[in-house]
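A.B. asks: Pasting in a structure now, in structure tokens, and then I'll have a few things to ask.
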Ligand SMILES: [Zn+2]
């Protein structure tokens, strides 16, 4: 049975001795694992987007605070 290496699309014989199946070699296996780690990092990075939203909210709150301070400054 032959499968295609998911990394480089090379035909790989699916055998007991094929240590890195479905990959053709250790390098392709490591590359695929690296991609998986990168995707995990991307998912782990999602809270960063939420943090940006939180910062945007903070900016609005700070601007509102500054507006209030300006009001009191001009009132007094
Ligand atoms: Zn490969």
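Glycine residues also receive a Cβ, built from the backbone N, Cα and C atoms like all the rest.
Quick paste from TrEMBL:
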BINDING   5, 8, 24, 28  Zn(2+) binding site
A.B. asks: Just to confirm: which same-chain residues, 6+ apart in sequence, have a Cβ under 8 Å from the Cβ of residue 24 (Zn(2+) binding site)?
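C.D. replies: In sequence order, 5, 7, 8, 10, 12 meet the Cβ cut-off.
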A.B. asks: Please list, in sequence order, the residues in the chain of residue 28 (Zn(2+) binding site) that are at least six apart in sequence and whose C-beta is under 8 Å away from its C-beta.
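C.D. replies: 5, 6, 7, 8, 10, 20 - these are the non-local Cβ neighbours of residue 28 (Zn(2+) binding site), listed in sequence order.
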A.B. asks: Out of 5, 8, give me whichever of these binding-site residues has the highest number of other Cβ atoms within 10 Å.
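C.D. replies: Answer by Cβ density within 10 Å: 5.
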A.B. asks: Please state whether DSSP places residue 28 (Zn(2+) binding site) in a helix, a strand or coil.
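C.D. replies: Helix, per DSSP.
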A.B. asks: Excluding 5, 8, 24, 28 themselves, which residues in that chain have a Cβ inside 8 Å of the centre of the Cβ atoms defining the Zn(2+) site?
C.D. replies: 6, 7, 9, 10, 12, 23, 25, 27
